[in-house]
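Residues or ranges marked as transmembrane segment by TrEMBL: 32-51, 63-89, 109-133, 154-172, 206-229, 250-275, 295-311. Under the heading region 'Disordered', TrEMBL lists 322-342.
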Amino acid sequence: MSMASVPANGSIHGIPEYINYFPVIDYSVLQAFIPILYISPTAVIMVVILVKHHYAKMMMNTAYMDTNIFIMIMFYFFFNATFFIGDYIRLNLPSSGLVTSLCAKTEPNWWYTLIIIFAYSGDYGTISCPFLTSLIRLIMILSPHNHVKYCKILMRRFVFPFIIAIPITLTLRNIPAVGYCRQMGPPFHTGAIVISEGEFYTRINVIIHISFSYITFISHVLMGVFMFFKIRKTSYNNTSNRTRELSKKAELSLTLTMASCIVPFITNSIVSFTFLLDRPNWGYVLFLRVIGNDYETIMLPWVLFFTHPLFRRKKAPRIIQNQGSNIRNSNNNTPRSSSQMF
């Protein structure tokens with residue numbers, strides 16, 4: 001079947017060749033099931049983190065995470081899952097050709113638009129979380145003794161309104177759009193489709209996405225660099241080996257957390273700028289978007305699971321008689337340790 005039979009907007013609605021299309025089972029079809037292999041164990045890890053933290057908090061375990069940070073991590077999990085599901089329904093599954101015939105029989109409608117809004121909302125929420133988490137951690141580092149009070153104000157007056165308003169505000173522009181299924185260009189085979197909001201709305205969404213990504217990413221990196229040197233300076237100025245050890249863990253945590261959003265930022269930037277500046281070659285770099293976004297979805301839960309003290313095997317405590325009182329006093333009088341800042 002020639003792509004010349006497809007109208008200018010790429011819609012496959014009502015075209016007999018697409019209505020009668022049946023996919024040949026090959027890699028392009030099987031790739032729709034690959035994400036199940038790594039998303040399933042990642043979902044289990046997310047549940048384990050939730051249960052372990054809840055249990056640790058009830059048992060007053062000193063390794064449990066700060067409540068505000070944990071809330072942001074749960075938001076991160078939620079928005080990542082939302083974006084993964086939305087993007088899978090919008091791009092991964094249709095591009096395999098498995099739903100091509102069904103889409104060709106369905107008229108363009110607002111339900112397709114709703115899928116697009118759902119995916120973008122999850123994406124904007126995911127982009128927001130590293131920025132907001134860095135903001136909370138910055139408050140903790142700058143005001144270790146009063147961070148509970150300040151973080152409570154920050155969460156109530158800025159974080160919660162921001163995390164709700166941004167996905168809604170940045171996707172409102174899509175409400176007038178009518179979604180439809182369209183044939184993807186080279187190198188995708190005939191029958192590989194995507195749910196689209198139309199070229200005009202897609203271009204606007206890409207521009208909004210790039211702008212918001214760069215604003216939040218640059219802010220996130222600047223705060224991260226400042227916190228990195230602040231933690232290191234504190235470590236050098238403090239004579240306590242325990243504090244130095246915790247500071248190193250905080251540095252590692254900070255570095256790995258930043259890395260989880262760097263990869264999708266780079267891949268999405270390449271795909272977005274290719275769409276705007278070199279549209280014919282957009283299909284050739286689209287695979288980078290899937291790699292980057294799925295990397296972010298699985299990175300944070302696994303890094304958190306393998307690096308945070310809460311999820312490590314407990315060692316038998318060493319009893320030191322002459323330092324017991326000092327240890328108890330330090331636990332009661334000092335602010336929360338660095339290991340709780342993630």
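Just so you know, glycine gets a Cβ as well, placed from its N, Cα and C.
Just so you know, TrEMBL annotations never went through curation; they're auto-generated.
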* Flag the pair the transmembrane segment (32-51) / the transmembrane segment (295-311) as in contact if three or more Cβ pairs fall under 8 Å (sequence separation 6 or more). => yes
* Structure fact -> Taking the transmembrane segment (109-133) as reference, the highest number of CB pairs under 8 angstroms among 63-89, 154-172, 206-229, 295-311 goes to 63-89
* Region pair the transmembrane segment (63-89) / the transmembrane segment (206-229), three or more CB pairs under 8 Å -> no
